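Annotation source Swiss-Prot lists GTP binding site at Ser112, Lys113, Met114, Asp115, Gly164, Gln165, Thr166, Gly167, Ala168, Gly169, Lys170, Ser171, Thr172. Positions annotated as Zn(2+) binding site by Swiss-Prot: Cys245, Cys250, His252, Cys258. Annotated domain 'CP-type G' per Swiss-Prot: 63-221, in sequence order, evidence recorded as sequence analysis.
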Amino acid sequence: MKTGRIIRSLSGYYDIQLPSGDIQRTRARGEFRKSKQKPLVGDFVDFESENDEGFIWAIHERENFLVRPPIANIDIAVIVTAAKEPDFAPNLLDRQLVALEAANVRPLIYFSKMDLLEKSEHEKINHVANYYQSIGYDVIFSDSKSAFEALKMMLKDHVSVFMGQTGAGKSTLLNHLSPQLGLETGEVSKALSRGKHTTRQVTLIEVDEALIADTPGFSSYEVFDFPVEELDDYFPEFVEKRQDCRFRGCLHLNEPGCAIKEAVAVGTITQSRYNSYKAFYELIKAQKPKYKTDN
Ligand SMILES: Nc1nc2c(ncn2[C@@H]2O[C@H](COP(=O)(O)OP(=O)(O)OP(=O)(O)O)[C@@H](O)[C@H]2O)c(=O)[nH]1
Ligand SMILES: [Zn+2]
């Protein structure tokens with residue numbers, strides 16, 4: 001029995017990379033296909049193989065996984081966030097951060113298109129970025145001299161996936177990291193070929209000493225897949241403060257003695273983050289429970 005990581009899946013076949021770097025092609029056992037458990041790219045699996053004919057026997061427990069792209073055991077998700085064109089939208093960034101926190105994937109915020117900013121806009125973004133750093137997120141600016149090296153350093157020895165809204169610059173950045181990818185960039189060229197790639201499978205590609213998913217991740221349209229009471233778990237600065245709320249289980253909305261609202265009033269938590277919290281709260285409340293199929 002051997003153990004390795006699935007780096008590509010293609011019509012029922014799985015390419016598994018061994019610790020030595022060798023890649024072997026296998027299939028999943030019939031039982032896997034019958035049961036719900038389906039191997040994902042990124043999974044560590046036990047398998048047997050000889051002469052390129054092999055079978056996966058077991059999938060190791062997953063650290064985490066994403067649905068789009070379908071990939072397991074992700075160390076870092078790079079949220080590519082345009083500082084301009086389209087304008088920076090804190091709500092969108094927060095949505096991705098919350099979704100990643102809920103999925104137990106570590107985010108890294110990459111501000112793209114910094115070169116397009118005027119001086120005053122620059123200061124504004126810096127200010128915003130400082131806040132995100134202060135609550136524990138890594139931030140990289142596209143115009144900093146060492147941006148590229150810093151990113152490479154962070155991705156080294158890790159599995160990463162890139163996400164961000166359309167036009168944020170994901171493909172541009174991925175191409176820069178790995179020119180062999182040859183992803184199309186810009187609206188027009190992509191609009192022409194869109195649809196062709198919709199069923200494309202994700203592959204983990206080796207870039208220097210990093211493994212990067214070649215398919216960008218979910219955007220902001222994802223629904224939140226957790227109960228509303230859990231929402232504050234995914235705002236790290238809320239987690240730190242909420243034990244000071246007067247009521248246990250405080251939702252930080254209209255309750256008296258809410259430490260979160262006090263923190264917003266004195267500015268230790270930004271209004272923008274609190275606005276996102278409230279907006280997501282309403283959103284989750286309005287979402288239909290999954291088990292309901294009618295109305
Ligand atoms: N000035 C400037 N333009 C950039 C930068 N990054 C990307 N762009 C441009 O922004 C446009 C969109 O970039 P893409 O890389 O295609 O964006 P994407 O996130 O892959 O977009 P989708 O595939 O639609 O999700 C392209 O015209 C890029 O050339 C940057 O740092 N500075
Ligand atoms: Zn509270």
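Cβ atoms here come from the backbone N, Cα and C positions, even for glycine.
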Open item on the list: Can you go through the binding-site residues Cys245, Cys250, His252, Cys258 and pick out those with a C-beta less than 6 angstroms from ligand 1?
Closed with: none
- [ ] Write out, in the order they occur in the sequence, the residues of the chain not among Cys245, Cys250, His252, Cys258 that have a C-beta within 8 Å of the mean position of the C-beta atoms of the recorded Zn(2+) site.
- [x] Arg242, Arg246, Phe247, Leu251, Leu253, Glu255, Gly257, Ala259, Ile260, Lys261
Task: Cα-nearest neighbour of Lys170 (GTP binding site) within the listed binding-site residues, Cys245, Cys250, His252, Cys258 - done: His252
TODO: Go through the binding-site residues Cys245, Cys250, His252, Cys258 and tell me which ones have a CA within 10 A of the CA of Gly164 (GTP binding site).
DONE: none
TODO: Only counting partners 6 or more residues apart, tell me which same-chain residues put their Cβ under 8 Å from the Cβ of Cys250 (Zn(2+) binding site).
DONE: Arg242, Cys258, Ala259, Ile260
Task: Neighbour tally for His252 (Zn(2+) binding site), based on other Cβ positions within 10 Å of its Cβ - done: 23
Task: binding-site residues (Ala168, Cys245), the one with most neighbouring Cβ atoms at 10 Å - done: Ala168
Open item on the list: Using a 6 Å cut-off on Cβ distance, which of the binding-site residues Gly164, Ala168, Lys170, Cys245, His252, Cys258 come close to any atom of ligand 2?
Closed with: Cys245, His252, Cys258
TODO: Could you measure the widest C-alpha to C-alpha distance across Ser112, Lys113, Met114, Asp115, Gly164, Gln165, Thr166, Gly167, Ala168, Gly169, Lys170, Ser171, Thr172, the residues recorded as binding GTP, and give it to a whole number of angstrom?
DONE: 18
Open item on the list: According to DSSP, collapsed to three classes, what secondary structure does His252 (Zn(2+) binding site) have?
Closed with: coil
- [ ] Return the residues near Met114 (GTP binding site), defined as same-chain residues 6+ apart in sequence whose C-beta is under 8 angstroms from its C-beta, sorted by sequence, else 'none'.
- [x] Ala83, His122, Ile125, Phe141, Ser142, Asp143, Ser144
